[in-house]
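The heme c binding site annotation in Swiss-Prot covers 35. Marked as heme b 2 binding site by Swiss-Prot on the basis of sequence analysis: 86, 187. For 100, 202, the entry in Swiss-Prot reads heme b 1 binding site. Residues or ranges marked as transmembrane segment in Swiss-Prot: 32-52, 90-110, 116-136, 186-206.
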């Protein structure tokens, strides 16, 4: 293996990258609460893997969505475990994100020169909540349907553009197939890509600036 590594290192210069990744200085005041952001990332990766697996069986139509989820839970080998892990990690991600935000705020991690790190973190928090809203509707049961109807109707309170926003979200006047298609696309494509981009920016800035010092 050493010969293979040496061959790759000679061409790709792996050693400097490994040294930089593993040799970063960790301030002595860092404790377990500084791991909350990393746990949030782990939860996201778990959801990505389990969600990708479920796309092989889920059908995003109003006629088949509920039955396809039921099929995953009752017919697919370990499908019940797959979906349960997806749901548990989703709840854990939201909890860890909230605790991480509080930790950063209470320790002053948002102050100069880390304002942009804080901004990307806030965007990631919004994306995390958006995951929950869009994913909640995908089983298309009574809870999911009425949740979508209520959430998609909230923008109607906005003056002038409110009704147009509601129609844009729903794909028409009423909640239906177009709404489910939009939420499915957001949940499985748009939001994961946006989250991956902003997480990369977030972690690169942390690597560049380091962990903030104690108050």
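Cβ from N, Cα, C; glycine included.
Its Cβ taken as reference, residue 100 (heme b 1 binding site) is surrounded by 22 other Cβ atoms within 10 Å in the chains shown. Within the same chain, residues 41, 44, 48, 51, 55, 114, 116-117, 120-121, 123-124, 127-128, 130-131, 134-135, 138 sit at least 6 positions outside the transmembrane segment (186-206) and bring their C-beta atoms closer than 8 Å to a C-beta of that stretch.
Proximity of distant same-chain residues to the transmembrane segment (116-136), defined by a Cβ-Cβ separation under 8 Å and at least 6 residues beyond the stretch ends, is recorded for 40, 47, 90, 93-94, 97, 100-101, 104, 109-110, 143-144, 147-148, 151, 183-184, 186-187, 191, 194-195, 198-199, 201-202, 205-206, 209.
The separation of residue 202 (heme b 1 binding site) from residue 187 (heme b 2 binding site), Cα to Cα, is 21 Å.
Under 8 Å, Cβ to Cβ, and six or more positions away along its own chain, residue 202 (heme b 1 binding site) finds 117, 120, 121, 124. Residue 100 (heme b 1 binding site) is 20 Å away from residue 86 (heme b 2 binding site) when you measure Cα to Cα.
For residue 100 (heme b 1 binding site) paired with residue 35 (heme c binding site), the C-alpha to C-alpha distance reads 8 Å.
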